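Step one of this worksheet: look at the structure below.
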Ligand SMILES: Nc1nc2c(ncn2[C@@H]2O[C@H](COP(=O)(O)OP(=O)(O)OP(=O)(O)O)[C@@H](O)[C@H]2O)c(=O)[nH]1
Ligand SMILES: [Zn+2]
């Protein structure tokens, strides 16, 4: 098997073998961008535009059933004219889903198969531990590993004080301190994006995500705009949203990624508030609401100063805001089943 371009894009050999088994002439590719149903695909055949097969479209029940940036797919890339055809999405290792505010079950997959998510927060007015907790929950929920990046350290006289605050909610997650004023500041991110791994940056507007991404890429991304598809005489401009870094590794930057963290979900919430969960397990009543019940371990911890009242309030707030519908739970169950399935597929390949 050749160790071609797809290794750099994080393709695993089982993916390629699966694609070949799927259909003669099919290959494993990765989605680089997506716009109005036209995908930009990278495969051993190079970069090309792609669209989904009629069968995939027919069976798609929800937004999550369509390919998203970062997805590995099985595609027929041999067409001499026209676009490649995407037949199947390979199981996702991680997935970032955005639920459109206020419109029921509308969900959108903003990116898939991200290994490392940098949660960015600046050390100025934007700094807010409660917001950081939200982003943390989003990261755990996705399946990607979080790393906290405290930006604009040049604007802060005592960054160590901020770090010790963050440590209290980070539970051992790595915390990086960066400043765009330092020429090599962004290099602290590189160890988390080795060859074949994919990273993304989330955080509020203006914290310095673009600045970091541009430094990582060593170029102005605007130059990468304007890929054209002249096959059908139409001009489709698709902005690349998955970038290969010179030293290996990839960065995904989709507009949707930037708006994450404004909603929240169940699983990640429990994980980023594991301390409260552990306390709750010690309450006398198993259905304790942690308000005025006797022998409430949560209230006792707050009284003793072991748990901050603000942290508990933000946990309560996220719980009540929780827009997790039955639908989304179904999706998660499905996702877990998919993980089990790919584990099985991988196992069977190892046996061969
Ligand atoms: N002082 C200082 N300014 C910075 C630093 N990093 C970024 N900035 C400035 O902060 C502003 C916003 O930075 P961006 O990189 O555009 O922020 P962003 O997170 O990409 O924002 P959105 O595109 O809205 O999501 C710009 O004016 C940057 O020059 C830093 O480390 N120190
Ligand atoms: Zn309690």
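The backbone N, Cα and C atoms fix where each Cβ goes, glycine too.
Just so you know, TrEMBL annotations are computer predictions that nobody has curated.
As recorded in TrEMBL, the features of this protein are as follows:
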| type | residues | note |
| --- | --- | --- |
| DOMAIN | 104-260 | domain 'CP-type G' |
| DOMAIN | 112-258 | domain 'EngC GTPase' |
| BINDING | 151, 152, 153, 154, 203, 204, 205, 206, 207, 208, 209, 210, 211 | GTP binding site |
| BINDING | 283, 288, 290, 296 | Zn(2+) binding site |
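Sorting each residue of the domain 'EngC GTPase' (112-258) by its DSSP state yields 54 helix, 31 strand, 62 coil. Checking the binding-site residues 151, 203, 209, 283, 288 for a CB within less than 6 Å of any atom of ligand 2 leaves 283, 288, listed in sequence order. Cα separation, residue 288 (Zn(2+) binding site) to residue 211 (GTP binding site), rounded: 46 Å.
DSSP gives residue 296 (Zn(2+) binding site) a coil state; it is part of no helix or strand. Among the binding-site residues 283, 290, 296, the residue whose Cα lies closest in space to that of residue 205 (GTP binding site) is 290. The binding-site residues near ligand 1, defined by a Cβ under 6 Å from one of its atoms, are 205, 209, chosen from 153, 205, 209, 288, 290, 296.
Residue 290 (Zn(2+) binding site) falls outside any helix or strand according to DSSP and counts as coil.
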